[in-house]
Ligand SMILES: NC(=O)c1ccc[n+]([C@@H]2O[C@H](COP(=O)([O-])OP(=O)(O)OC[C@H]3O[C@@H](n4cnc5c(N)ncnc54)[C@H](O)[C@@H]3O)[C@@H](O)[C@H]2O)c1
Ligand SMILES: CC(C)[C@H](C(=O)O)[C@@H](O)C(=O)O
Ligand SMILES: [Mg+2]
């Protein structure tokens, strides 16, 4: 297998810079322990890039993203660029990277083991044992459909899905279900939307290739409810771009914080079986806590573990990072979002605890 080791680190804005710095420390430690020779190259994106270059994503950074073996992304979003007169929107950086790099499959795992169930704001008996994976279509749907625009007091967006777009994400989801508990829930709004009726039809067609997988269709509103009522009933879920966005913020309350939710955004596999990919926490730049040193770095560090496994082909290094995260949390070392202001510790303290477990030297 080709040795893949060049990682573009796009920290972005707000807590994006804080949690990415934490994940970089962990990647350096794991690189040293496993002799990976990782090359970590910083890049400006989002509001930071607007401030420096007037655009959320420069062509140079896009080229470097294409050339890298993987991308570690923090978060973009800066209230300074929210207004109608802003030169660009920070969020355009992540949307353009996903689209331009063909990162159509967004994997968002959610796990709540028995030991950590007590940390959820939801009832322990409901969330304990949750182990689900949301497969979100990431380069289509209402996020990218044309036409879109604003005409004075009228604005419009277009929801479009084509059968090939649905087919390829369905194959990813069925493939993952085959490696898990062989249950797939396809989430749509087929009682209202034509795109969802096509979605349902195509997913049902693709199911014929995976007779061992039990497929169910669920309307997105009912899914939102069942996610809180009986999350343990889900294995793999597959859904469109916007439904996946919303359902995964909701799902973050199963483990108890957005700061625990990693993600991988993958393009089709390369010949060596690894994927070009971008890895990021599902949360944003959190302007409400930025600069305080209290952001939870776990989602980004867990995203870095996914990067090691899926884009760099380093499953042992990935497992070492995941084990270090689990041990740190199990020992009760966690940030304020998990433990509250009296017991929560800083981003740096959590990071050091994770690094110490990876590289005790
Ligand atoms: N992929 C991305 O870059 C991405 C993702 C989501 C939102 N955003 C952007 O981020 C900005 C802020 O959005 P928002 O406030 O709606 O969502 P957010 O995810 O930034 O924050 C939501 C809430 O969760 C908390 N939170 C989030 N991550 C946390 C962490 N790691 N540790 C502790 N608490 C955490 C925040 O403090 C806030 O209370 C917006 O500009 C939005 O567009 C970017
Ligand atoms: C920042 C925004 C464009 C993004 C999305 O909606 O995809 C975010 O909410 C996410 O979940 O990654
Ligand atoms: Mg989101």
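Each Cβ is built from the backbone N, Cα and C atoms, and glycine gets one as well.
Annotated substrate-binding residues in TrEMBL are 98, 136, 221, and among 89, 108, 148, 233 the one listed with them is 108. Proximity to ligand 2 (Cβ under 6 Å from any of its atoms) holds for none of the recorded positions 108, 189, 249, 288, 294. DSSP classifies residue 290 (NAD(+) binding site) as coil under the three-state reduction.
Proximity of the recorded positions 98, 189, 286, 290 to ligand 1, judged by a Cβ distance under 6 angstroms to any of its atoms, singles out 286 in sequence order. Contacts of residue 284 (NAD(+) binding site) defined by a Cβ separation under 8 A and a same-chain sequence distance of 6+ are given as 14, 75, 76, 77, in order along the sequence. DSSP classifies residue 136 (substrate binding site) as strand under the three-state reduction.
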